[in-house]
């Protein structure tokens, strides 16, 4: 949480020649971070970030305590001005009735007192100004005092109109399920059994303690008598209730962080003083203080060696204890110096929930000594023999290859909308659902990379002649047991031709050393990875050992229309995990042939519907002397193949070539028109 | 023979003069002086002529040979000279190889991986949909702990494990801390659980979306565990990264902070690259928040089955996107641009 502290108010608690800029810089290095200083009139206001473990700092007093410990480390004098020794006021009897009970132990401590006030009026200017500089709106003197007190000391409190609670009873109890409450900002809530409320004995709810007052008991213009009330709540209850109804008052934000129950008493006494001063209050009852189980700070045993080991330097014991004492820690060092000699350290009550283990002591010493004063040392231990998962390196390899082959990498969110799922004919039931999506676009975890890619193609088609895109990311597939399966997939697109894309995919397999894979038309049963994205007659699947490496094909015309994609678009969708399984970086060496190859082009007449792949494969299989078969061109009913003949052991004779040539021509007759 | 020689000379000189490039000149040379070249054949006939004519004809043969050779040499020089006169328009644009683009996030991940590999950190990746246990509980944040608020976590509908809780979309890479201790520890020789030098890079998710926040982003998490690890080691690690990634002129500072899973905890600020540390509208008094870090909390070590009496360590987490932008001078008005996949943006990197 961030708090605003006026400089003028802070200096009521600390005497120091430090400038606001120095306070900002030095506190940030050793204590709370001062995010900025704003000049307001002749005053300055600090905006300070208070971490959730340090609720003791969320006040003028808390910041002053930190400053008093930190500034002297930078050579600047700082004296904490003790203004917290409030006296128990004298009480004018007879006491007005007030009955507080907490039979279920819902609070750690409850304090209350009845006062008669002179008048309800706007606060004095200096109170108003301080509240406003601290970001709180001024209402009237009675309410302002509770806020002023919270800012000054860091404990929330509440003020009731005594006469609006006819029974003068305060029964603190768990709410009933569905019990209604109207808070003082006139909002209605139906409570649950986990919430804690105050009942006036008639079943009427008169407060949501620690969070917000109710409309039916709050002070107003006609208030004559008040009950000033402070309770130390159970932080977890405050938190749950406040989060459940979204009532995030400053009081709730503090109370859920467990402020010091000891501070509650100090706050009550200071509050009484303020009511006397600013509202002409007279005390009309005894001070009630219900404090069944007092908690005390734990003694922490820690050796100076332990502290110095973490600090990486050797601080003398005196410096360590001086630092701790400057933070009001008590040190009981045992007189007996033994080998296992340890400091016995007792934190102040306001640090009792935050400082509990030796590491916490290390932090206190280290931060006040100054992290900037510690040396900077490079790691020196042994380098562990652990290894990185192979797929990370392969993914990187693939991305780099695609980049240099002219593709632009995209990154889409891992979630998409129900609309998009339906648009591409997938089913929401196959998806993992986000329980608390931010918008409908973040509702379902994607099981396929293609849908968002189609949106991106559609969106970008006017910016490029031919979009060559890719994304390599995980998809999230629900499983019956345990965590979902997270599989890395790769989607590659182009708008040139099926064959260009097929070449890219084959190039990738070659780059990864994946050999002897099978490519065939899509088997719809096997291809559970959404083959319906592809044109049924212009698509292909790659398999190895019955595992699907990937699918490529022309985007299904229906989807192209649905997404308004104008150009013919081709998509490859590859399973990275399966590619990783067959990854083989080892290359095999074959000696460079001593004898020159003979290369000949063959133009063969074939039927236009004949698949070329098998022809080339069969020519390759004709003889060991056929070293390579390449497609040069295809035109209507003719194909031109460039065939390399080679014998690694000798020069080929004209006769040998002739035999091969005849075989090829004979074979090609099978494919003739 | 004399007649033949003179005829040859005439033809040869004319042939040489007609050549237009070095290749054809070479052909002419071979036609004349090759093993069965015109000159070679005539010169062979020298043996058969009468003795008294030999000195004269021999001399003539040599003279003609020299003359033709000189002509060839001269032609060669001329032709080479001519090559020098061939001109092209060098201002015509080059023919580029296909040039694609890697996303900024990929580029940064690669660079960060390299930087940490050099000091022996192993890159890993863990589930993005993980158990509450790894994302929170084993990080010293029991259910309903207020510290969990900071993470604006997305939850996933699904079964609730009695031991591990519900599915969450990991709001930080710190789920890799206990996972790292569990899995990397196993790859060490038997009986050893540390040292561990891990860099975990993964997608993270938080319920936030505005000009400076995206619901999906990337983090990298460094974790170092060994005996006697101290705060100066953490400072050394940070200093190394900042020098390698941002350059030697950037300064850093540690500010006390609070995380449930580290003790002590810090935030790291790096000096602002725009105002050079003076203070400007992009920074807080000359500093930019870079990362959160701290010494590993003994409870977290215990969750990873390591004895905090024996081992200590530190952990540190950054956002990839943020880190990149703090270096490069790429100041995006709206960080969501990174994931909008407009090629006019993507192709700038």
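In case you wondered, yes, glycine gets a Cβ from its N, Cα and C as well.
TrEMBL labels come from automatic prediction, so no person has curated them.
According to TrEMBL, the domain 'B5' annotation covers A:295-376.
Less than 8 angstroms from the CB of residue A:364 (Mg(2+) binding site) sit A:323, A:324, A:327, A:329, A:355, each of them six or more residues away in the same chain. According to TrEMBL, the feature Mg(2+) binding site maps to A:354, A:360, A:363, A:364.
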Greatest C-beta neighbour count within 10 angstroms, which of the binding-site residues A:354, A:360, A:363: A:363
Averaged pLDDT, computed only over the residues in the domain 'B5' (A:295-376): 91
Residue A:354 (Mg(2+) binding site) - helix vs strand vs coil (DSSP): coil
For the domain 'B5' (A:295-376), residues assigned helix / strand / coil by DSSP: 36 helix, 11 strand, 35 coil
